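Trainee: I'd like to ask some things about the structure below.
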Amino acid sequence: MPKPLFRGIMPAIPTPMQPDGAIDEARLTDFVHFLIREGASGIVPIGGTGEYTAQSASERQRVVATTVKAAAGRVPVVAGVLSTGYADAVDAGRAFTDVGADGLLVITPYYARGSQDGMRRYFASYARDVKNRVLAYDIPYRTGVGLTPQTIVALEADGAIVGMKACNTDVAHFNEVAAGVSADFALLSGEDGLFPTHMALGACGGIIASASLLPAYWVRMYELAAKGETGAAIAAQRRLLPVLDTIFSDVNPGPMKAMFRMAGADIGGVRLPLLDPDQAALRRIGETTEMMYAQGLIDRTALFS
């Protein structure tokens, strides 16, 4: 049975920033080395967690280029494309392809939201114009529009997409997608809280935000789920619930960047319109970080070392 190129744990990474808000390429390089050393199967820069919409086109290309250079072919790099306009999305995809991205995570068009037929044509046209592997990014609770299982299956049949990041809490929807796509389709969970369930239903891995902070733990969870040890994988995921509740207590990646800082790996703050956590939030983040130390989830000397 063929295996998708994109599989396993692929962290959706926050973009490291310098104190003045500029992209910290040196820190990003260290970050990529750390994730690969900890077992990540791929790296996904400049998605929502990477603050795509807060960066200029040239900054995004630099982030992708730096990630590709640091990965050095050891794992695939899938760059996020969160532009809503078709021309801008094509320009971004071509720019990321030019600097070596192995694939593109392309969000469904939002604001000007198309019909299912419109989105099918959008992705088909995009794949023709950009000429790279395309994964659909389906996140209806952010975009206000979602791909139906029938559209996803049709997009694979069209040759328009090779996989998808499924950020949809509708388990029945995910199950129908899994039943309809082929074995070499990269069906990737995008829900940190549903990952073991998605694996049991047919996912081949996940693009997971919190795996940026805890890559080795997520890799172990993936290995349990991939072996069919669903109960053990669910137990491992439940151990992370306080961490996930804290990370997603405000718009990602603000709390997670603060948690990195408290864990000894400062990757800077967030850009407007997002705000860094206030004092009350920082207390909660600090308590969760200390809990992670106490439970052995992270080591005070491990991050980026």
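Using N, Cα and C of the backbone, Cβ positions are placed for all residues, glycine too.
So TrEMBL says this about it:
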type	residues	note
ACT_SITE	Tyr137	active site, proton donor/acceptor
ACT_SITE	Lys165	active site, schiff-base intermediate with substrate
BINDING	Thr49, Ile207	pyruvate binding site
SITE	Tyr111	site 'Part of a proton relay during catalysis'
Trainee: With the residue listed as 'active site, proton donor/acceptor' as the reference Cα, tell me which of the recorded positions Thr49, Tyr111, Lys165, Ile207 is the closest one.
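Mentor: It is Lys165, whose Cα lies nearest.
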Trainee: For Tyr111 (site 'Part of a proton relay during catalysis'), what residues in its own chain, 6 or more apart in sequence, show a Cβ-Cβ distance under 8 Å?
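Mentor: In sequence order, Thr84 meet the Cβ cut-off.
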Trainee: What's the CA-CA gap between the residue listed as 'active site, schiff-base intermediate with substrate' and Thr49 (pyruvate binding site) in angstrom, rounded?
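Mentor: Answer for this pair: 13 Å between alpha carbons.
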Trainee: The residue listed as 'active site, schiff-base intermediate with substrate' has how many other Cβ neighbours within 10 Å of its own Cβ?
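Mentor: For the residue listed as 'active site, schiff-base intermediate with substrate', the count of other Cβ atoms within 10 Å is 29.
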